[in-house]
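According to Swiss-Prot:
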type     : residues                          : note
BINDING  : 37, 38, 39, 96, 97                : ATP binding site
BINDING  : 131                               : Mg(2+) 1 binding site
BINDING  : 171                               : Mg(2+) 2 binding site
ACT_SITE : 195                               : active site
BINDING  : 197, 221, 225, 226, 227, 228, 229 : D-ribose 5-phosphate binding site
């Protein structure tokens with residue numbers, strides 16, 4: 001194995017620690033802090049000349065601080081003559097701003113971030129469940145987008161008390177993801193929630209395509225933000241006779257009123273991964289369970305360093 005160096009910012013310290021343990025490689029010695037005026041301070045405290053360096057840093061909230069930490073760390077390592085620098089970004093912030101809506105005068109911020117990372121000296125990006133896969137094309141360097149679904153599916157398969165389970169897509173846009181999950185769950189049945197607003201200033205109506213009566217529903221998505229739409233979906237499923245509702249998502253964004261929304265009894269359990277640390281408020285709910293992606297990300301790092309196939313990790 002080449003000389004691998006692992007470094008971590010302040011966004012996901014526990015995930016970084018787990019990855020380092022899986023690889024039997026200690027995290028690199030670096031100072032990542034703040035100057036008295038709030039500017040980011042980075043210093044690499046060990047030799048990285050010619051090394052294959054991986055920086056583990058989600059760009060979750062505080063998004064701008066974590067993104068800037070990553071960028072400054074890349075620059076510090078580049079100036080220290082690192083051989084190759086891979087940004088391991090388990091959760092890629094700004095991924096939802098991936099296109100202009102109609103003729104709106106808005107930026108494509110995902111492209112801005114991609115340009116920023118490329119220009120500062122990142123040689124490769126490893127990320128997980130991009131909100132829009134086309135973001136890979138925004139970069140001028142290779143991007144490996146791995147999937148959290150195998151970890152989520154393995155957990156679902158361990159639920160021995162599921163009654164007549166059915167996979168549910170929370171919207172039309174998530175049908176491909178839900179279908180893939182349903183296929184891996186022994187071709188489980190699937191339902192779709194079709195959200196429509198009949199006319200302006202009228203509440204959104206949720207139509208459920210599929211029979212969920214007396215069934216355990218498994219809602220799958222790439223991320224949960226405020227959880228408002230998720231709760232409405234769970235309520236609609238319960239109103240249609242669903243027995244229980246479980247929500248599975250890779251990224252636990254959990255912003256704004258998420259804690260209040262997730263406390264809604266319509267949701268029986270929420271299962272996420274550790275790409276984003278949970279706040280104390282969310283942990284106090286005792287309804288949210290976290291799975292780790294450390295083994296998968298560690299294996300991806302090993303394969304990248306050894307020039308092995310990443311896609312082979314997900315071959316059926």
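Placement of Cβ uses the backbone N, Cα and C atoms for every residue, glycine included.
Feature map: annotations from Swiss-Prot on the structure.
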residue	record	Cβ contacts under 8 Å, 6 or more apart
39	ATP binding site	none
96	ATP binding site	110, 131, 132
97	ATP binding site	106, 107, 108, 109, 110
171	Mg(2+) 2 binding site	192, 193, 194, 195, 229
221	D-ribose 5-phosphate binding site	170, 174, 177, 230, 247, 248, 249
225	D-ribose 5-phosphate binding site	253, 254, 255, 256, 258
226	D-ribose 5-phosphate binding site	254, 255, 256, 257, 258, 261
228	D-ribose 5-phosphate binding site	257, 261
Intrachain C-beta neighbours of residue 227 (D-ribose 5-phosphate binding site), sequence separation six or more, cut-off 8 angstroms: 254, 257, 258, 261, 262
Per-residue Cβ crowding (10 Å cut-off), top of recorded positions 131, 195: 131
ATP binding residues 37, 38, 39, 96, 97: largest Cα-Cα distance, in Å and rounded to whole number: 31
Cβ neighbour count within 10 Å of residue 229 (D-ribose 5-phosphate binding site): 18
Three-state secondary structure, residue 229 (D-ribose 5-phosphate binding site) (per DSSP): helix
